[in-house]
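Report on the following structure.
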């Protein structure tokens with residue numbers, strides 16, 4: 001039986017979505033007590049989640065892009081309760097790239113996404129906990145660094161609204177001649193690497209930045225963090241970018257990437273390093289990223305590629 005009381009937290013940029021409004025009405029007619037809260041400024045999602053927990057809501061639905069999903073998931077994870085006693089998590093994809101939803105096969109239409117939540121039992125899912133100079137942060141999908149992070153951070157909001165995921169490609173092309181390598185040391189259980197890199201992916205999920213499959217084999221229920229490092233190899237960068245164009249992004253990654261799968265990873269850099277945590281930048285010289293097993297429960301489709309069990 002579907003949970004009877006849901007709270008949908010809607011990104012304020014999507015308040016004019018007529019399909020979502022109609023879908024909410026349909027679910028209410030099916031007997032779901034479905035409240036809607038709209039985010040306006042920083043901190044709203046966390047406050048709405050706290051209210052939902054206090055009110056005994058069964059399911060919290062993130063309606064927005066990857067950033068909204070991560071913000072709602074992080075707000076749930078901040079509560080010192082285990083997954084079984086927290087509200088379950090649902091997703092209605094309304095963002096520009098919808099990287100998590102795409103990789104997870106979550107339906108893109110609001111009614112189908114809400115129906116999935118009603119029909120599918122929530123599954124345990126992992127989250128990434130990132131400890132840095134400014135305290136702990138949480139990440140639901142992918143933490144990325146290097147070239148891809150700069151593309152995501154620099155992509156204009158207006159361009160994203162007009163062109164969707166194509167905006168990331170245009171911004172990336174404009175940066176091809178100015179890729180600056182970053183030096184860092186990486187250490188985890190049975191894994192160590194040191195050198196300069198141009199791209200980094202730390203995956204709970206598989207893709208970020210408008211379809212970049214940085215961690216193509218990652219699953220979100222194995223308690224492990226997938227690591228992909230693209231080194232700055234002398235004489236290879238131009239060839240790699242050529243492969244990116246002619247053979248596809250994945251072929252380029254497979255050509256040069258260093259990969260690992262670990263429960264946690266420490267990163268130390270002599271210069272400030274910015275990680276993009278599902279759209280939110282965090283800058284530090286020292287990071288510790290841990291995969292926290294089964295931190296939440298989430299409604300996902302039967303054929304979800306991100307579930308390994």
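Just so you know, glycine gets a Cβ as well, placed from its N, Cα and C.
Summarising the annotation, Swiss-Prot assigns active site, proton acceptor to 280. In three-state terms derived from DSSP, residue 280 (active site, proton acceptor) belongs to an extended strand segment. Long-range C-beta contacts of residue 280 (active site, proton acceptor), restricted to its own chain and to partners at least six residues apart, with a cutoff below 8 Å, comprise 67, 70, 71, 137.
Look at Swiss-Prot and you will find 39, 65, 66, 67, 68, 69, 70, 71, 96 tagged as ATP binding site. Sequence-distant contacts (6 or more apart, same chain, Cβ under 8 Å) of residue 66 (ATP binding site) comprise 95, 97, 98, 99, 100, 140, 141, 208, 278, 279.
For residue 222 (Mg(2+) binding site), the number of other Cβ atoms no farther than 10 Å from its own Cβ, over all displayed protein chains, is 18. What Swiss-Prot records for 219, 222, 224 is Mg(2+) binding site, and it gives sequence analysis as the kind of evidence.
Summarising model confidence by region, the domain 'DAGKc' (1-134) averages a pLDDT of 95. The domain 'DAGKc' feature in Swiss-Prot is assigned to 1-134.
Secondary structure of the domain 'DAGKc' (1-134) per DSSP (helix as H, G, I; strand as E, B; remaining residues coil): 57 helix, 34 strand, 43 coil. For the ATP site, whose annotated binding residues are 39, 65, 66, 67, 68, 69, 70, 71, 96, the maximal Cα to Cα separation is 17 Å.
Same-chain residues with CB within 8 A of the center of the 219, 222, 224 CB atoms, the Mg(2+) site residues themselves not counted, are 126, 218, 220, 221, 223, 226, 261, 291, 308.
Proximity to residue 224 (Mg(2+) binding site), judged by a C-alpha distance within 10 Å, picks out none of the binding-site residues 39, 68, 96.
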